[in-house]
Every structure is written in structure tokens, then in C-alpha cells.
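Enquirer: Pasting a structure here, questions to come.
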């Protein structure tokens, strides 16, 4: 049926009959497409759900929907045309979703009424053209015209399909030609309607835009490109076609074949860039051309990296400007060419030097076309002109992309070793060598870059994801080897320093005196000189590692690099031989120290060979020290490309494109050197006196002991000096020595950060009291810092007491907007808003009008003061009033406002005269100092009461006008009577004079005074004045705590405080840097739906119910909130704060704000979403930038008008259009919604909801842009293939409109990590000179956006000398801290990192990088150097920090600024936090292997390298060492106890060694307890909130078990960091950002923490138990008890923290449910498709995933580590009573026999159950009985004959359990071998048994505690203390006990 339908027939019938036939025949349909979206407009669905392969019919369906109401029959024709077109495009319906869509469309057509009149659509088309297009020209906006032309074009296509050509009249043809001619000029645009006609837009009228367009459109002298194309007629010769072009970029596109969307995008990009740079600091008069410096500046910025690359490769730069050329035009051509290359490069954007190569070759072509027109070698003429607009993509980008794609396939989804495949860095670094020119141009497919990368031929049966065979290309310059040796290789200087310092201290401590001064003794000094021998061997190790670890890249290295590696190794080996030999000669002739030095001078030829050797050995280090002290010289030498300098630097630092000249200026060098010198001195002194010196004496005693009796079989009984004991004692101390620098760093960074923060004025305004006391300086500070100086007015240097009215006016505009935004966010109530506003009508009174919250209670206090005043002198009373700063302002304003309000109401002239005379008497009496004699103060309170009543009546809503008037008149008369009779001494005289002056005595008797009032003048300004006067009179002390909301207070105080901090001056909006904001989004929440709000969890708790209790200060309470949805009305009653209306309820129920019920529901959805971590919250925050810019434009406009003396005649709307134009010029916001296209077409409800919500955001914020990756199916060579596009959208006319579409070489997210690839595809749509990266869990605040132009000035040239920042770091506020105590811990930890932590990193340490926070990038710097992140799979898992690494390596400079902040959310649940920590630890593990860390570690100077290490990977390695120290200590003690050495030593009177050891270990105990994590927090809280608050928070955190939490996370860091380096297995871990406060099941916790915490915790329990049982001798030491207590604390934290911080973790019913669930999970069998949440077997297999893909080294290490568990059995069996003190090896052998027998029996039972359990029950029972009898017999013999005891049985469990675990671990490591032998099932069953044992061990204490109800109550209080302090009942949330009055929703 479908194949014969519609269109123009070929059957010979008359044309007029064809459409009738085709449209009227009856249609039949198959099963309809199931599209059910009840919440959406049905008309929208068909146009927005078009399958990707039919995308071209979407505009037709949109037109049908648009005209449906006007002409449904024409709409029908449009749909029919769409159906026919779809059928022609895919007749077999083979595309994804095509069949369903065609069926759905057919079904829709059946329902509609067809038309058979061909004239109808022609008439409609003509009418549409005349009414919309003809009349709209010059009137409608370009956007509206673009839509109309698109509709007209579609309608004509439909018309041609339906109406035969012969029946289309001439008028229709004429209109269609006009549309065709003009439609290209009316396309949808982004910011600039460059080609659009219609009404002029404001932005196109800006002079800077005009001159930029003129410059880009200058195509004079550009040759017209020619295209050779073959005709379809074989007889016709080839002909040349010419193409037209309108600007430089179009010309480049015609020459090279760039895509149309790319050209349009980069054209606008370049114009905006030129306009923004050119207008800066420029007079707008006579503005008709670009400054020459503008293009020159852009050239310098864009091509700095290219020129550097050319110099590095010593090749000529092709940025050539021949004499006589138009330099500006050619410069713009070069910039345009680079932008077009970059805009279409897709994934190649991560390879900046590859782009340099492409540009190099294409710039040469441009020069050739313009100036030589011949190839430089062959002399052939250039064939200008590309065959099509995808030529560049097809010929240049796609081949390189294919190389990337093939390499990524070798990655095996992150499972292959990094050394097995080439990542982005490897391929980019190929272009760091001159060999890259072998690629040629056009690039040769046979070049080495392309070949040997992947398969030669694909096997037919090979799956797409299989990694093909083929020769592998070597890595480039570096190999990411998975080994811990990377830490030594990258930071060798630090490890050498620590080792040599340790050696020196041990030598000095070992001396007889043990004093530090002993170093000057003869023998000691000579021994100390042995450190050079150690240094030589460490250098040899370094050289060896360089060779081994870089061996995989040798084939790509230059000969000079290989020669250097080998020479370094040979030199190191030579010194390692020479120095020990020389030393052995020198020690034979010792001399005294004095003689030693004197003889050096007097008889140097007789010096020992060793001294000369040392002098030669340290000579390079002396030279390095000189260079260190002269950083400018080192910087020049490293950056030089001169061959002689390269040769000189060859040995010290090999030539590399990045990492050259990373040396700071002298003052910065001094600061961080001082920091580290002080730190290292403290660390070494502590290590010497506390860790090393106390151990020396007991070590000497142990060293000299002999004749030790072992209690086990000792393999080396004759070994001397008790080496094993000494290693056991010194092992933990040495580890602590290497780790405790991290502790000292935490201490020193806290101190330095606190001092620096204090000098930065942080925390000077931290309370409302402080804000009130300094508020009078805030307006002037605001104008000084945040607004540019008005013309002709100098910037004030100091703030003074005098308040400028102009400052108040400018400040009030911003402040009031700030207050209104807080009201819109429901942070304050209407009353609080009124109290906080600064009045706009400040010109009506003679004093400054401060916000009422500052003047609260001032009038009542002044009245009381005046009433009770006993003196006679006016001056004394006025002095008292003026002593309170704000009281004087309040009194004067109240008086003048009351006067104006009353005077404005009066209509009768006599009444006005009375008021004037009263006021004259008041003013005159004050001037003549007789106020107290002319007025009675006792009447003032009564006057105040009447005035309050009067003002309330004025503000009331009046129904009957006369009643309202009479009330006002009555109170007004009372007021005048009180004034004249009770207050004024001679008030009656005023009335009498008025009586006689009126003249009309008779009427005066008939009419009362003050009866005529005029209520017609009540405007907003008048009402505002009345409201303010009422507040002044009535507000008492309560306003001191305004606002109540803590977040509102924080924002106000921080904003006010920031105005007194150091920041750059604000430029004019036109002069500021332009910037973009980019937010990557995947599938997170956008806006919560009604269903999500009310969906209940297993406890009956919905998000809404939860939030109503978390945010009581912002929710309706004591009222009924009606929630309307499609089915019923919910009514929920709040249980807290019943005494007042809350802010949200007040807003939505305010009669002045008319909200429909649907609006209220939408408001509620937004309210909830703005309190979560949703995209809508982020977008709202970022769009405040635009609001701030528009306000700043308004302020500058008024300033200009005031200065020039006239106001332009433009209307407010016209001005706002100008402001919006400037905002568009300066700000762009792009959200990269990667899968928006898939969500749009998805049938999943959540995806559709996300799509709709994103669309609504675009419609709500017209300047918001959304970029996404569009995946389409297109037919290429008769095969359906997936094609990918980068697309930019905007919201328009209730739908999204496509602006740009750029084809990609393939799926971009297939190559690298998801987030950076998402950012990278969208970065081409950003604009401006700066780029702020904002994550999807961030927020922004209006008042902070006002400072953006100040921050951007930090990039300004000249502020910091020649060096400008490349990344500006900003601080954050963590807004998720109020959810629970756990969220509070994380909030404090994160806050300390983003404030004090990064403050110290930036200054003084100079090692701040980028951490994924709201940092601002120098956009041009980074897009020319690889982008704003790195994306190689796995190695760049922490993609953000690599942007910082890259920026620093390429000469960038990163700063940190704390006068501005953004909001950020964090994970709030225990499991989410742990997953986040695991992800970060994985990322740090991968960083350790990376080339970036290696290069930074090797190329930083020594002290900066220390800063880098301890603030990045070193922190995680130190965490791992901390955990390792506990193991080494306990295993050392286990060795001592079980071997019997401890007992022997104690009996040898060396007891003191124990205490010495414990004292040394005390240092790391503090670190275990987690106190050090809290130290920076305490300092930062103290700095910003006061140290009393900090101390209180610290105590509360400890009471809430913060130390347990941080100790637990220490285990997380150590486990995942260590496992990543050892085996790999890193992956992105989604944490979830919702309202995560729910009960996690025991099985969930077990799966998550089993390997990282539970196994390790139970191992430590075993160690502690064994040591306790066999080491009673240490119980007398109190310090030892403290040490073991810390270890028990660590064990408890690791085993039970997940349950302590698990809501309802100790509730009995939950515990029972958890046990049932865990048992079910343990018993379920695994298999293909069984997820880990359902089966233990599946989970167990997944936990070994890292072992499946690890290398041989990883397996060997895993086996060696597992052998430690055999020590238990080996030691304990010799202590059994049954062993009878026999220490022969036979005892140990028998124990293995027993163990194997037990395992054999268990295996027999298991096999018997499988084989006989069903069919041979009797036989199986007999077998079990026999085994049981055998067991009883054996045990009886052992007890009776062999002397076995119960204690031996218990001890046997301690011995054999670890051995079984060792067998299990070794079995997992040898998985392949055991599977081949058939033992794998046995290993699996052994694993299941151990999992049961571990689960029971952990679950039992939880079950016991769950019996006691108070434990659960206590835990709830512990978890939610923050919420309890605000009056919440969280236990009701967790238990689901909603208020009884809340009805259950009916279903």
C-alpha cells in the first residue's frame, strides 16, 4: 500500500485528477505506533519524534502543526507530503524507528479530513506570503522573518507535490522565486543576524560590530576560486565553475572545503572577537575602522603556540606578509583559517601541535594562492577550490580520527595496559619532531603515522569491537607503565633528600654522644660523607628506571635522547663504583676535623681520592643551585632554540616542547622556598628527636644480644645481630618518617593559609552585627570597586565617613535587585524584603535613606529618649540622638516623610497652610535652640500610636471609598489635634491664625478642618514611602536579626565583606573581557516532575515531604499546600513552624501575584529543583550574569546622561534593547547536553521529561544555547551508516531551532572520556576571550555575578608585569551541608580545600591547578593548546586537573581569588561520598603513571616539586603509607611474639625499647584519628566565622564521629589508589546527586566495602587478637594502650562506619530485612546477564576483574602479598599445647596435613551433596555419618593421647583461617591455571564460605545493637543533628510516619 501511495502519477490521467486520486483513496494501517506522552501537546510529537534517518521531514511537520488552527486541510496536505517524502527516503522502512513512525503518521492522516481542491493550497500560500512576508519586511525581527521564510519554502514544496506544474499560477511562481532568492538571508542565527533583513536589531547597530563585519567582509583582491567538475555528459569537456563569496571565511571555505555550519559559526565567532577587542578603551565617536593593534593582538594570541612550534622544529613560520599586501586582510585570513580548522577538527582539538601542522600546510597554500600561485617544488599551479564543503573533513580530519579510533580499540575498554596503545598525547607528540613533515601535504595514506596502527585487512567474521591484529606503533616520548616506581622516577630529588637526610640523622644519632653537634666530630663527619655513595646508587636507580620504563618508546625517540639515557646510566654506574672504592681508601688514614680542614688548604694534593671524587660528583649540583638562584637565566636557556644552548642543556634537561622555563620570579621563589625550608627544618628536627634518637639505644642493645632461643623453627638460627627484630622495630618508624612530611604540610599550610586569609580581609564582616556597623561604608566601597569611575571623576583611594548621594543611588539599584532575587529564591519573606530594600525615592528627603533593617527600633528609642529627657538644652538631646549613627537619619527621615505624606493628601489650601506653619515652627525652634521649650515631649508616644494607625489605614485595601476616606480623615484630625494641643506649647495660635486668614468665616463654621483629602496621587513611589515610614515607626528589636534565613545572611555578609577585599577596578561594560560559560550535561535531573516529587520510597517518604522538613524556614508551615496533578488534589499539612507563614507560601498565595493552580504546581516543582543538584538550578544561577550585565549597562547609561547633562530621547524599551545587545556581545552560555537528541526521540518517560525540561529552559532563557551530538542514520553507497553532528540550538516559538550543524568524522565520545569529549564538541560554540567551566551541580548568585567584570580584569595585560594568568581560580560555597551530619563533614572538608587549601596552593606555593570548579580559562590560550581538559581514556580519568597540568607545562600561570564565589553541591550519602572518593583515588593513581606528572616532577625546581607532590599524588601515597604502617607495625609485632624473640628481649633488660617505639609511633596515631583532616577546616571556619564558632564546630564534629568518617575515607583512598597503580581497573563512577538520605541495605554496603575495608579491617582484628593473646607482656604500658587504641579505632571505623552513617542502620525491622536480603543474594547463582546486585557469584567475578587484565608483575605481587597470611599458621602451631614445644619443621608440615584433610572432607561433602543429594539420600546420609564418627574419633585421640586442649582448638582457627584466605587469594591470581586443572569451582566455594564468615562477623554486632531501641534513636540524632537544631523530626522522615492529618492520596 505504501509503495503505491501519493504524489504525481504516471498513469496517463489528466493532471487535475491526480491529487484527487492520491489523497482520497481509503487508507489502511497496521498496528499503530505506541507513542504515549500524556503531558505533552499531541501536535508537537510528530515533528519532534522524527527518526534520525528521516530528519528532513521534521520542518514539514512543524509547519503542519503551526498552521493547523488556521487551515487544517492545508496542514493535512503537509503531513501527507511528509509521509510520501518519508516513504521515498526509506521505502523498506529499514531505518531505526521508521516503520513505527510511518504507521503512526498514517494513523494520524486517517483521522483528518483530506482536501481535493488544488486551488486551496495556492490561495493559502499567496495569502500567507502577502500577509506575513510582504507586510513583515522591515517590521518583524529577523528571527520571526526566518521562521516565515522557512514556512513559505516548505509550503511551496508541498504545493509542488500536490498541484501539477501546469496548474500552478504565475503569481505563486513569482512569490516562490522571491522566497527562494531571499530565504538564505533569513536563516536562524545565534547572536548576530548577519544576513538578515527585517527590522534592525540593536546589536547590529553597535559601531564595533559594524567595523568588525566590514573588516571580515573585505574580500578585495581575493581570487575567485575555481572548481573543476566533470560533466555528466561524457562528450562534454571539463568546465570551470565559479563560486561567489561574501567574506574572508567563505573564500577559505570555497578553497579548502569547510562545512557551511562551521563557516557560519566561526564567522560570528571572529566578528564578536574583533568587536570586543577593538572597542576596549576606545572613543565611540568617529568609529569607522578597526585599530591596527586589534588584529595584531589577536594574531599574537592565536599564533603564539604555532610560532613557538615552528621555532622548536626550526622550520619557517608560514605567517608571511609580503610587501605591499593588505596586512589586516591577510591576518584575518590566517586567523579565520585557524578557526575553521579548529571548528571542524572534532577530537583532533585535543592535539594542538597536530592542528599547528595542518595550519602550517594550509597557510602555505593560502600564501601560494594569493601571491605565487605555484607549488614551491613542482611549480604546478594551485587548483583553487574544493569539490564540496566536506572536503576538509573527509581528507584531513577523518584519517587522523580513524587513527585515534583504531588506537582506542586497542584499549579494550580500559582493560589493556597503557603501554599497548597510543593515546591523544602520543599522537600529538608525533608532531613535536621534524619527522612529522614526512606526512606530506596532502597527507600521504602510506605515511608512518597511518600505517602499522591497526589491521592490514579486517577478517570477515571479526566483530566490530574486537581488536584486530597488526604491528603496533611505539609510544611517543613516554610510556605509562603501571608501577609504584613511577613515584620515585618522577620525584627522585625528594626521595633522595629524604633518604640522605635519614642516613645522616641515623649516623649522627648512632654516634656516642647522639648530639646533633656530633656531626663535627672526626669519625662522624667521615661517616656522614657516605651519603654521596648512597646518592650515587640512587642516581643509578633513577637512570635504570628511565631506561626500563621508557623502553617501549625507544623506537620513537631521537638518537640524542637514547644516547642521553645510556650515558646517564653509564655515568651513574661509574660513580656507583668509584665512590665506594675511593671511600674505602680514605677511611684508612683518619684525621681530626680541624686538621682535616686546614690540611685541605695547605696540602691539597695530598687529599684523599674520595674528597676529590665528591668535589667532582657535586659539581653539577652546585651549578644547578646557581641556576636555581637565577630563575630568569634558567628560563631563557630552557626556552632557547639555539643549538649551542640546546647542546649545553642536553645533559641537565633534554629538549622537550612543553615544560620549558617553568621558573617563577625571585619574590615568588623566595616565598615558597621559605615555606619549605621552615617546614623541612621542623620535620627533620621532629624526626631526629622523636622518632630516631630514642630508638638508637635499644637498637644497639638488641644488636649486641646473642644466644636467642626461638619458639618456632628458625631457618637461620645462627644469624647475628637479630636483624629480624631490628627490621620489625625500625620498619614502621622509617615509613612514618617518609609519611609525616604530609602531616607537617597540613600544619604549615593551615598556618600560612590563615595568615594570608587574614591579610586578604577575609571574615572581617561575618555577622549581621558587623554588617550593620559597617554598612554605611558599603555604598562607597561598592562604587569604588564594582562600578567604573564616572567621566571626569577620579577613583577614591580611601573610604570616608561622608556618604555620596550618587554612590547611594548606584548602590541601591544593585542592592535592591539583589534583595529581589533573594525574595524570588524564597530566602526572605516580603516583610524582610521591605526591611532590606534601599528606597529609590531618596531625593525627597534631606538625609541618606538607609535600609529599614539598619534603622530598626531607632524611632521608638528616640521617642522614649525624648519623653524621658530631663534636661533643658536642645543641644544635649540632639547630641544623644546623633550619638547613634543611624538614629539621626531615622528621626529626620521620619519627620520629613510624615510631613510629605500628610501634605500630599491635603486638598484645601488652608489645611496645607496649617501644616506648613507647624513645620516652620519645628524648623525654626530647632535653629533657635528652643525646641524643648516650644514642644512637649510627653505627647510624642500618643502621636506615634496615632501615626501608626494612620499609616496602616493608608496601606489597607479599601472597598467603599467613602468609608475609607472617613477613617483617614478621622485619624488625620486626631493627629493634628495631638500635635497642636498636646505636643506644641502654642499650637492653638496656629489654628487661630489659620481661622482668621481663611477669610470665609461662615463656611469655616460649617466645615471642619482637614476634611478634604485627595487620594488620587497614590503611585508606587508614594506607597513605597508610606510602607517605609510605617516600618520606621513600628519595627522594634526583631529587625536586628533580619534576615532569619542563614543562607541569606551568609550571602549578604560575604558580599559586603568582599567589597573591602583587594580586587581589580571594574571597567565599563564595553571595555570588559567577553566570556562564555560552558556546562557539560549527560542525563542528570533537570527539573523534578510532580510524579518524582510525590513518589514514595520504601519508607513512604517523598522528596517533597523530605524537603518540607529540611528547609522549614523556606516552606509553608501550619498551612495546607494544595498540589494539583491530573488525577487528584493532595493536601499536606506541615508539622513545624505553625506560628508563621513561610516564604514560599507567602509568595505563591499572594493575591497581587496572580498564580493559577498550574502555576503553583510549576512553582513548587521549581522550588524543589532549586534545592537539589539539578540543571535548572545551574542555569538559573548562570543566567544571573546576563541580568547583572544589563543592570551594569543601565547604570553606565544613567551616569553618562548625568555627566553630559541630558537624557537621550530613546524609550526605556529601546534602551533595554541596547543593554541586551551589549549583554549578548559580552556573555554566552552553552549547555552541552550530549544526548539531547536521543532524549528527544526516546520512548523512556524520564528521557522525554529531561528533553521537555531542557526545552523549557531554552524558552525561559532566550540567550541560553544547547549543544548536543546528533546521531543520524544516512544512506551512503546504499548502506545505512551512522553519521554524527555537533548541533547548536536555541529556544524559539515553543520549539528548539537549529542554528549550526557541523558534521563530525565519527562518534566523538567513543575516543576519550565522556565529560571532556562532551565539553570539547561544544567548545566551538562558545565565544569571547574567557571561558568559565561550570559543572552541573553548581549554582551562582546575582550579587557575585556583579563582580565578574572585576575578575576578568585579572587577565588584563600589565597587571602582573609580562606574565598574565591563564586560569583564574574561584572559591566555592558548598550548599549541601545542611542535609545531614555526613553532608556537613563533606561540606566542611570541601570548603577548606576550595578556600584555604587552594589559597596556599596559589600563593605562596604556585602549584594550584584546575579541579573542576568554577575556574575561568583564558579561552584563546587554551583552545590553541589542547582545550580545557584532557580526554585520553582511563589515564585522564581526572580530566580537569590535567587542564591545569597542561596549562602549567605550556607556560601558563594559575591564580586563586576569594572575593567572588559560586555555589557547588556535593554528595550527601555515605555510599555516594565513598564512590566519589574512590573515583578521585583512581584518578590520582592514573595521574601517578602519567607523563604530565613525570614532567612536572622533573622540571619544577626542588621546592615547587615538593609542593606539587604533597598536594597531588603524594597525599594519596601518604594515605597508603599510613595504612601500610599499621600493617608493618602489627606484622612486625606478630613476628616478635610468635617467634619468642619479644620474650627473650624483655628478659634481657631492654624493656625501654618498647616505649621508644611507641613514642615514635605516636605521631602517626594522630593522623589515623583523622584530626589532621579537620585542622584546615578549623582555621578556615575560625577565619570566616570566628574562632569560638570554629571551636564549637570542631567539638560537635568530633561528637558526631567525624574522625570515624575521615578514618574510613582514609581506607578508601589507600585501597583504590594502591589497586589502581598495581592492577588498573579505574573507571568513571557515577555518584548520583539527588536527595540521598535513605537506608542502604546490608548487601549494598557489603558489596561496596568488602574488599576496600571489611577484609582489611578483619585482618587487622586478627592481628590485634593474636598479638593480644600472645603478647601479654605489653599490657603494663599506658602509652602502648593508647597506640593499640588508635588501631582498634581504625578497625572499628573500617568495619562499622558504613552502618553508623547509614540511616536506620540499627532499626530492628530494617536489620531483619537486610539479613533476609543478604542471604538471598549470597545464595543466588551467577551467570550471563545476572547483575551483581542479584547474585554473589556475579559480584565475586566482577571483583576479580582487575586480576583478569593485570600483567605478570601484578599477579606475582598479588601472590607475594598473599603469602603474609601464612605467617599466622607457621607461628601459632608451635605455640599449641599439642606441639609440646617441639620446634622442628615436622610440626608445621603436620599442620598442613590437618588443613588439607579438613579441606578434603569439605570437598567430599560438597561433591556428595551434588552427586548423591537427590537420588541417593541414604548413601549420602551414611557418608555424612561416617565422616562425623571419624571426626569424633580423631578428636578423642587428640584430646586423650596427644594432649590437645580447647585453647588449641581456638588457636587453630586463628592459624588456619588466614591460610585458607591466602589459598583463596593465590587461587584468584592463578585463575587461568586453576580453571585448566578443574579446581576453580572449589576456589569459588571456598570464597563463598569466607564471605559467609565475614558477613556474619560484621552483621552480628549490628543485630545485637538493633535489639536496643535507644541505639537507633541515638544514631538518628547523631546523623541529623543539624536538622534537629532547626526543630526537625528526621526520625519521622526515616520511619515514614507522616502527620496523621495528611490524607493518603487516593489512587
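Glycine is treated like the rest: Cβ placed from N, Cα and C.
Keep in mind that what you see is a predicted model, and the values were worked out from it rather than measured.
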Enquirer: According to TrEMBL, transmembrane segment applies to one of these ranges: 1727-1744, 1853-1870, 1871-1888. Which one is it?
Expert: 1853-1870
Enquirer: Under an 8 Å Cβ to Cβ limit, what residues of the same chain, 6 or more beyond the ends of the transmembrane segment (1890-1910), are close to it?
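Expert: Distal contacts: 1642, 1646, 1650, 1654-1655, 1658, 1695-1696, 1699, 1705-1708, 1710-1711, 1715, 1718, 1722, 1736, 1740, 1857, 1860-1861, 1864.
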Enquirer: With the transmembrane segment (1679-1701) as the reference, find which of 743-762, 1508-1530, 1853-1870 contributes the most Cβ pairs under 8 Å.
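Expert: The listed stretch sharing the most Cβ pairs with the transmembrane segment (1679-1701) is 1508-1530.
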Enquirer: Under a criterion of three or more Cβ pairs within a distance under 8 Å and sequence separation of at least 6, are the transmembrane segment (1853-1870) and the transmembrane segment (1756-1773) in contact?
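Expert: By the criterion, they touch.
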Enquirer: Is the transmembrane segment (524-541) packed against any residues at least 6 beyond its ends, judged by a Cβ distance under 8 Å, and which are they?
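Expert: Hits for the transmembrane segment (524-541): 488, 492, 495-496, 499-500, 503-504, 507-508, 511, 518, 569, 572-573, 575-576, 579-580, 583, 586-587, 590, 593, 596, 610, 613-614, 617-618.
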Enquirer: Six or more residues out from either end of the transmembrane segment (1785-1805), which same-chain residues have a Cβ under 8 Å from its Cβ atoms?
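Expert: That would be 713, 1769-1770, 1773-1774, 1779, 1823-1824, 1827, 1831, 1852, 1855-1856, 1859-1860, 1882, 1886.
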Enquirer: Taking helix as H, G and I and strand as E and B in DSSP, count the residues of the domain '1,3-beta-glucan synthase component FKS1-like' (329-444) in helix, strand and coil.
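Expert: Helix, strand, coil within the domain '1,3-beta-glucan synthase component FKS1-like' (329-444): 80 helix, 2 strand, 34 coil.
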Enquirer: Give residue numbers and ranges for long-range contacts of the transmembrane segment (1508-1530): same chain, 6 or more residues beyond its ends, CB-CB under 8 A.
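Expert: Distant Cβ neighbours of the transmembrane segment (1508-1530) are 487, 491, 494, 731-732, 735-736, 738-739, 741-742, 745, 1397, 1401, 1405, 1407, 1409, 1441, 1481, 1484-1485, 1487-1488, 1493, 1496-1497, 1500, 1561, 1564, 1567-1568, 1610-1611, 1613-1614, 1617-1618, 1656, 1660, 1663-1664, 1667, 1687, 1690.
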Enquirer: How about long-range neighbours of the transmembrane segment (1756-1773): same chain, 6 or more residues beyond its ends, C-beta under 8 Å?
Expert: 712, 1531, 1534-1535, 1537-1539, 1622-1623, 1662, 1666, 1747, 1750, 1779, 1787-1788, 1790-1791, 1795, 1851-1852, 1854-1859, 1861-1862, 1865-1866, 1868-1870
